[in-house]
Structures are given as C-alpha cells and as structure tokens.
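**Student:** Attaching a single structure in structure tokens format; questions to follow.
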Amino acid sequence: MPSLEDRVPLGSAPLRAPARVVEVVAAAAPRRRLAELGLRPGAVVQARSRTSGGGRVVAVDGSRIALDRATVSGLIVELADAELADVELTDVEGSAR
Amino acid sequence: MTDQLAARTAVPSCHSDAGGRSAAPGAPVVALAGSPNVGKSTLFNALTGARRQMGNWPGTSVEVGRGSWALGDARVPEVALIDLPGAYSLDPASPDEELTRDLLIGAPPDERPDLVIVTVDAAHLARSLYLVAQVREHALRVVVALTMADIAARRGIHVDAHALGAHLGAPAVDVDPRHRSGRASLGEVVAETLHQPVPVPRPLPEMDLGADMGADLDALDADLALADSRFAWVDEAVRAASRTEATGRSTWSDRIDAVVTSRLWGPLVFLGAMWLVFQVTTTVAAPLQDALDTLFTGPVSEGARRLLGLVGLGGTPVEGFVVNGLIAGVGMLLTFAPLMALMFLLLALLEDSGYLARAAVVTDRLMRSIGLPGRAFLPLVVGFGCNVPAISATRTLPNARHRIMTALLVPLTSCSARLTVYVLMATTFFPRQAGTVVFLMYVLSIALVILLGLALRATLWRRVGDEPLILDLPPYQRPHLRLMADQTWVRLRTFLQTAGGIIVATVTIVWLLQATPAGPGHGSFGDVPAEDSAYAATAMAVAPVFEPAGFGEWRTSSALVVGFVAKEAVISSWAQTFAVSEPSSSDQPGRLGELVRADFERSSGGHGAVAAVAFMVFLLAYTPCVATVATQRREIGLRWTLFGIAVQLAMAWTLAVLVFQVGRVFW
C-alpha cells in the first residue's frame, strides 16, 4: 500500500513515468469532461511533454490530451515506488535550472 | 411522429450545406450521434451522398444536417438521416451538445427518432462508449457504427464488433466511411433493427441512499455516482470486446508534440505557421485578386458595353446599371474567390493534419487573457490580411460564444485594404514620419482588439475564458486531398451564395444613388455630375456627423460611405469626386493628396493633420466592408452582425472625435 507521500499532482510527476490517477480536483463540469476523456480515478496516465503554458500533454488510453497548468495540478496521481526517486531527481533538476 | 421530428430539426438545419435530398414523408427517422471527431460527418456523407463539411477538429458539425439514405431493403427502402452535432455525452456542456440532447431524449417518446446510430471510435473505445451508455438508458433503438478500425489497428487495438454488440445490447457494425466500406452491412442491420421492438432501457444502478449518507447525498453526488457506474459499464464492455497488442501510440507523434507545444519551440513554430498563412492569404492571393479585378473592369465591362451598344443600349442607364452595378458587384465578389479558396484550403490543411489543435495549446494562455481560447488566434492573424476569410475561420471554434466574440473582434484587425488609405494619408500629411504613422495604426489595431475583447468579456460574457484547457489532440495524419478539396469547395460555394446577394445589392444601390440626380435641373438619370447626384446629397446630409471629428466635408464623408462597401474604394471615390485621376502608385499621393489635404484643412479649421489622424482612426475602427458584413451574417447571424456594426460605428466615431478634440488643443 503506497503511503500518502506517494501522491503527487501530475504536474510534479516526472515525464513519461506511468502513474495511476487517485483523485481529480476540479470543478464539476471540467471533471466530467476529464472523465469522458478517460482521466478518472483508476486510469493509468503518463505526462508526455511540457506545453508552453506550463501545462502537460498527457497520455491516457491511447490518446493525447493537452491540459493547462491548473488542470494538470488537480490530477492527483500515485507513482510506483521505483519512480519516486525520479520525482526527487526532477525536482533537483528543476531547481538547478 | 416522424413529421414532428422533421419539423423540429428543420429549424436548425436551415443552412443548406448538407446538400442532400430529403427523404419521402413518412420514412423512418434515423439520427446519427457520436463524439466529435469520430468520423460522424464523413459517415453521413458516405450514406447520403451529400457533401457536408468535415474536419479533423472537434465540433465541425455545428448545424444539424439532414439527408436521405437509401437502405436498399425491401421493407425499408429509405430513411431520413439526421446528422446531430458531436457530443461526448448527453450532459450538455455546449449549445451543440444541448441540441443533440434535445433531439434525442428531450422530446416526448413519440417524437424521438426511430433509431439512433452512435458512431464509436475503435481507437478510443472507452471514451466513445459513454454516450452509448447514456443513450441505452432510454427507450431508443440503437445501432453502433464502429469507425477508425484502421487507425486502431495501427496502434495495436483490435475490436470485436460482435462481442461489443452483445455487451452493449445493441448491434455493432464495422464501417470505414473514409473508404466508403461497410455501408451495405450497416444498412442491413439498421433495416433489421427498425423492425425489432424498441429495446428495454438499460436499468440504472440503484443509488445507495444508505443511512450514513442519506440526506447529504445531493444531486451532484448522485450525478457523479451515476457517471461512475456508466464508466464501470463502459470499462467492462471495453475489456470484453477489445484487445490491445502494444501500448501507446507511435513515439514520433509524441516527439513532434514535444517540439510544437514546447515552451521555446512551440511559439516559434506557431509564428512560422501563421507567417506562412499570412503570406499565402496576402502575397499569393493578391496577384490573383488583381488579375480578376483587371478582367472585370477591363475585358468583361468592355465586352458588356460593346454588346449593349450592338443592341442599341450604349450610353443608356441600362449600360450603367449592367457595367457599374451588376458587373462591378459580381466582379468584387469574385475577386474574393481565390483568396477565400486559399484560406479554406489552408484551414482544411491545418485542421486535417492535426496541427490546429497544437496551435491552440500554444496560444491558449495569451488568448485567455481576453476571454478567448487559443485557437481564436488564427482568425485574428488572418484578419490583418483580409477580414472576410478571417471571419470564416472562426468556425474552427467549437463554442458558439467564442465564435461570436471572435467574429466581432476580427473587423478591428487592420486589413490590407485599409493600408492603401493609411499610406495615402500618411505620405500626404506626415511625409517624413509616414512609416511610423502607418506602424502606429497597426499598434492601435491590436490595442483595439484587446480593449474590445476585455470590454465584451466584462459586459456580455463574464464567464467566458474561465474554462480550463482540456483539449484532445487528434493524431497527426496526412491530409486527405479529396476531403480537403471537397471541404474547400463546399465552403467556397456557401460563401459565394450567402455573401453574393449582399455584395451585389450594396454595390448596385450605391451605383443607383450615384446615377440619380439629386433634383430637377441636375442632369438626367445615368448622366449626372458627382456633386449633383443623390449620392452626393446623401453624403452632404451625413457630413455634419463628422464635423466634431474634423472631417465634415461631403467628399470625405462620401468616401467613408463608399468605404462601407469596400475600403479599396475610398481612394477611387475621392478621385472621382475631386475629378482627378487616381494616383497610379499610392506612394506618390500627388495631386489627389494635395486636394485631400486642402479639404481637411478647410473642414478642421486649420488642424488638417489632426483631422487626418482622426480620419485614419475612424477608418480603422468602422465596418470594414460589405463582404465582411455578409460573412458575419452567415457565421454569427443577423442580430450579432447588426450589433457589431453598431459597436464599430459608435467606437469609430467616439475615438475619432476624441482624437480630433484632444489633438487640436496641442497641435
């Protein structure tokens, strides 16, 4: 059972690391739209690239969804333990830049 | 029952772009539903033989298309097919989805369609089936049309239509509308299903209104719980009917995305693409426009004159009407044709290849500050070339409010026709700083777009722009030449049809006024000096309106009235009323410039330069041309078009007066 610390907003998750959505924090209408696109609790997602507005292109269910910064930080995901090290690495890289 | 539905759908389908034959009265009504971008309109076209526009962009079917589909079945020879706007679900998030919901389940059961075909994207099965889950909750005959099997197969996804149908409780058929296959089997299944009784709706899950939650479980929670149960049903169907070999899509697509949406390269690639669009719609289209213009003013007018001369009508008002009214009007309309065709082709290319969705991601944050989504950037850029194709480009916006707002902002982007007038004014009044003055007009143009955008957002559409960016990026694909050509032709034809009437009518009215003497003793119809025509009388009546702005002379106000028809005509109107030949090159204002200057000095009481600036500001902000008005009417309706004209005139006049009154104090 992953501990609470394993939960991160998808925006902080490393690129290309598979993650499972555990919670979607958004207003009702966008949450519904996200669910329709497959972004709902239980879905396995992957942030594929950063977009110019600070958002992410997210891979889910074979499609690519572009999300803005606010939406991507409302997608709370759970990373497998192995990826946690990457999260820390990314943070270090991020602050060094 | 079907007649009632037909009557209801007749209203939103008043745009005749479907072009299909309508079914015989009494034929069963079949509705075509599905998420945006799953090949629904392509299927509609394949089934009815109509040419309804389609594109690789969510929300292409913004109107309801209707057509007749010959099933080739003895019992059901044909059905009336209705192409509903794309909808992910029956919970309306946009006017398009609301319409779909109303037509499917909003009406009483006996007015609903006899059968619903839901198009389902095999490559995105889970997403497409949510709508099926909802439709199956109602007493409706459902057939699932499984599209995009080839794209799914390329990604290693294989869907078993039979197993899927069994799980959904509705037959599923493989179709490939792009290659027009699967039509016959879909027809057979639809005919067969029409003969079955309406199936029992899928039971809704019992909501657990247990003691611990009970009263707290409000409508929203119930909604979410219901959605969750539908998703669970969908997931089960997906597991039962599909098998996936490899994961994800090809990585080259991701690599392209990583570049074209990235922080550094994204805006550069976008600017490059916009530069190309701008170049094509200006420099490439301009020679074609000029050639057509020369053709109409030269050989065509000359030929008509000779022809009328042969039948004894030379020099009569009939000649004037045909040459200066009809041929001039149709000629002006046709000079837009190559420009519009190029614009529509570029739009089709951008949409079809999948790039437009990426461009929307790049510009999202910038555009959102004025309450518009990123993809509204394209029409605004195109507007600096010509407003007419720019307003047509607003149709790439799926949201109706965004479309209206963008179409209202486009006229403030300074098109190239206005440039010719700026150059004449700037070289006449500010010979040393002409370049700077023209540049500042463009800066003002951008400022006005932003200001009106903010004003509209603060008044009419307070909630616009708060929606987060959640955009499904369609897979990149090689554009289909045939689809692009079809789409370009349909759009061009519709433009010529709808804009033609207004343009020809306006040009003719202006000619009639110019040909009519203002009163007895001023000459005869068709042979009247410019200043004695009804047109000059009208201009003189209008002129006092512009006195506070410093250019209340009838020649200038008449140029502005003609400018309403087309900005290209402002200079030629001056030339006509001052009775001098038009300057051969706008870089050399020459004699016309001197006359205009003297006119402005007179009307402004010695503040000619200030009045010239006020005039340029007015010219920038007021209604660009009748072709723009005609296109607006087609895209956003008459009511919003008139609202737009009122705003433009009020804004242009206020700004011009402000510039003159403040300016003359200092200068």
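Here the Cβ of each residue, glycine as well, is placed from N, Cα and C on the backbone.
Here the structure is a predicted model, which means the values were calculated and not measured.
Below are the features I grabbed from TrEMBL:
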type	residues	note
REGION	B:1-25	region 'Disordered'
DOMAIN	B:27-196	domain 'FeoB-type G'
TRANSMEM	B:264-286	transmembrane segment
TRANSMEM	B:326-350	transmembrane segment
TRANSMEM	B:404-425	transmembrane segment
TRANSMEM	B:437-456	transmembrane segment
TRANSMEM	B:494-513	transmembrane segment
TRANSMEM	B:609-630	transmembrane segment
TRANSMEM	B:642-662	transmembrane segment
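Can you tell me where each of these features sits in this structure?
**Tutor:** Within its own chain, the transmembrane segment (B:326-350) has Cβ neighbours under 8 Å at 55, 273, 277, 280-281, 284-285, 288-289, 292-293, 295-297, 300-301, 304, 356, 359, 378, 382, 386, 388-389, 392-393, 396, 479, 483-484, 487-488, 491-492, 495-496, 499-500, 503-508, 511, 566, 627, counting only residues six or more beyond its boundaries.
Taking Cβ pairs closer than 8 Å, the transmembrane segment (B:404-425) reaches residues 282, 286, 371-372, 376, 379-380, 383-387, 390-391, 394, 397, 434, 437-438, 441-442, 445, 448-449, 452-453, 456-457, 461, 464, 563, 566-568, 570-571, 583, 586-587, 589, 592-593, 596, 612, 615-616, 619-621, 623-625, 628, 632, 635-636, 640, 643-644, 647-648 in its own chain, all 6 or more past its ends.
Same-chain neighbours of the transmembrane segment (B:494-513): 15, 17, 320-321, 324-326, 328-330, 332-333, 336-337, 340, 388, 392, 533-535, 538, 561-562, 564-565, 626-627, 629-631, 633-634, counting only residues six or more beyond its ends whose CB sits under 8 Å from a CB of the stretch.
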**Student:** Given a Cβ distance threshold of under 8 angstroms, which distant residues of the chain, six or more beyond its ends, lie next to the transmembrane segment (B:437-456)?
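**Tutor:** Residues packing against the transmembrane segment (B:437-456) from afar: 370-372, 380, 384, 405, 408-409, 412-414, 418-419, 422-423, 425-426, 430, 613, 616-617, 620-621, 647, 651.
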**Student:** Please work out the mean pLDDT for the residues of the domain 'FeoB-type G' (B:27-196).
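**Tutor:** Here the predicted model's pLDDT, averaged over the domain 'FeoB-type G' (B:27-196), is 82.
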